[in-house]
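Data block below; observations after.
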């Protein structure tokens, strides 16, 4: 089934909306109420994404599953540790998948950026390595913040710090993308010579 490309504002709303809900419910009530609201908002965002685009991004689906699992543990056991460690699990998982893919000469970042860029195999490898390092760094940063700062500070960082950091990192990759960008005809020749790392 063909995927409909969503409007950038819609994509931003489905990604940032649940975090904003999480932040404001935590400010108004507490972390446990915010966790429940976050779970509902995540599910609503997935449904909206599928209704509009007939497609659910892999990263969004993985994130939602982890949120629901750790959110449920948080509420059932009434222990905020689970929801706080959730980002560490997600970032660590992404870093492991991307890094592990490189070991087997597969660039899974090419799947994440499907149809957005046409890069040479070398370009995909470098970009994948950088994103693996970024996710690993974010996992470490989340651990440091939730273990050393207040819950409100952690919630604020999660809601309003993670996205800017991700955007800054993504923008910083543009020189690499421009350097290794190729038109489709040249890319086919390059893939034949080096092997398409996105497909193994």
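For all residues, glycine too, the Cβ spot is worked out from N, Cα and C.
Look at Swiss-Prot and you will find 7-27 (among others) tagged as transmembrane segment, backed by sequence analysis. Same-chain neighbours of the transmembrane segment (7-27): 33-35, 37-38, 41-42, 44-45, 48-49, 52, 60, 151-152, 155-156, 158-160, 162-163, counting only residues six or more beyond its ends whose CB sits under 8 Å from a CB of the stretch.
Long-range Cβ contacts of the transmembrane segment (32-52) within its own chain (Cβ-Cβ under 8 Å, at least 6 residues beyond either end) map to 4, 6, 10, 14-15, 17-19, 21-23, 25-26, 60-61, 63-64, 67-68, 71-72, 74-75, 78, 80, 83, 155. Feature annotation from Swiss-Prot assigns transmembrane segment to 32-52 (among others).
For 56-76 (among others), the entry in Swiss-Prot reads transmembrane segment. Distant neighbours of the transmembrane segment (56-76): 14-15, 31-32, 35-36, 38-39, 42-43, 45-46, 49-50, 82-83, 85-86, 89-90, 93-94, 111-112; these residues of the same chain sit at least 6 beyond its ends, with a Cβ under 8 Å from one of its Cβ atoms.
According to Swiss-Prot, the transmembrane segment annotation covers 93-113 (among others).
Annotation comment: Swiss-Prot describes 126-146 (among others) as transmembrane segment, evidence class sequence analysis.
Cβ atoms under 8 Å from those of the transmembrane segment (153-173) belong to residues 15-16, 19-20, 22-23, 26-27, 31, 34, 84, 87, 127, 130, 134, 138, 145-146 of the same chain, restricted to positions at least 6 beyond its ends. The annotation transmembrane segment is assigned in Swiss-Prot to 153-173 (among others) on the grounds of sequence analysis.
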Long-range environment of the transmembrane segment (126-146) - Cβ separation under 8 angstroms, sequence gap at least 6: 84-85, 87-88, 91-92, 94-95, 98-99, 101-102, 107-110, 119, 153-154, 157, 162, 165-166, 169, 173, 176-177, 180
